[in-house]
Every structure is written in C-alpha cells, then in structure tokens.
Amino acid sequence: MKLTCVMIVAVLFLTAWTLVMADDSNNGLANLFSKLRDEMEDPEGSKLEKKDCQEKWDYCPVPFLGSRYCCDGFICPSFFCA
C-alpha cells in the first residue's frame, strides 16, 4: 500500500514538473536556436559582448571579493550586485 502511494505521488510530481517546465510557445527550441544563430552571425547584436559587468541584482560569483564583476557603483555583498 505504501509503495503504491509513493508511486502515485512520484508520477503526479513528475507530471506536474513536466507541465511547469514545458515551453508553451510554438516551436520554442527552433526559435531559440535561430536567435542564437543570428547572434553568432552578428556579433554586434550579442548582449554578452556589450556588457562586461553585472547590473543591479545580477549574480556575482564571489561575495565581498566579487565587486570587480559588478558595474561601477555596485558592490557584491551576498552573491548579487547591489
């Protein structure tokens, strides 16, 4: 009986997880790959090349020592630029 309940809960959890994580737009992966290809063809359009620092509330890998990752005027007190 316990095993049956555990299996039912596991199936429900995995079903819910799949529905939550599913991309609801049509042809989502194709759109993603076409955007990435366009950025590779046009390096000026790439956001990564334009931005060398992290903006406010962006992740910084090393707190207290990671202020060099944040843009000017921001510090990294707890894994996020503030």
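Placed from the backbone N, Cα and C atoms, the Cβ positions cover glycine too.
The signal peptide feature in Swiss-Prot is assigned to 1-19.
The disulfide bond feature in Swiss-Prot is assigned to CYS53-CYS71 (among others). Contacts of CYS53 (disulfide bond) defined by a Cβ separation under 8 A and a same-chain sequence distance of 6+ are given as TYR69, CYS70, CYS71, ASP72, in order along the sequence.
DSSP assigns CYS60 (disulfide bond) to coil, not to a helix or a strand. What Swiss-Prot records for CYS60-CYS76 (among others) is disulfide bond.
Sequence-distant contacts of CYS81 (disulfide bond), defined as residues of its own chain at least six apart whose C-beta falls under 8 angstroms from its C-beta, comprise GLN54, GLU55, LYS56, TRP57, ASP58, CYS60, TYR69, CYS70, CYS71, PHE74, ILE75. In the three-state DSSP reading, CYS81 (disulfide bond) counts as coil. Summarising the annotation, Swiss-Prot assigns disulfide bond to CYS70-CYS81 (among others) and lists similarity to another entry as the type of evidence.
The number of other CB atoms found within 10 A of the CB of ALA82 (alanine amide), across every protein chain shown, is 12. Annotation comment: Swiss-Prot describes ALA82 as alanine amide.
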Practice problem: Round to the nearest Å and give the CA-to-CA distance linking ALA82 (alanine amide) with CYS76 (disulfide bond). | Solution: 6
Practice problem: Work through the disulfide-bonded residues one by one (CYS60, CYS70, CYS71, CYS76) and point out the residue whose CB has the fewest other CB atoms within 10 angstroms. | Solution: CYS71
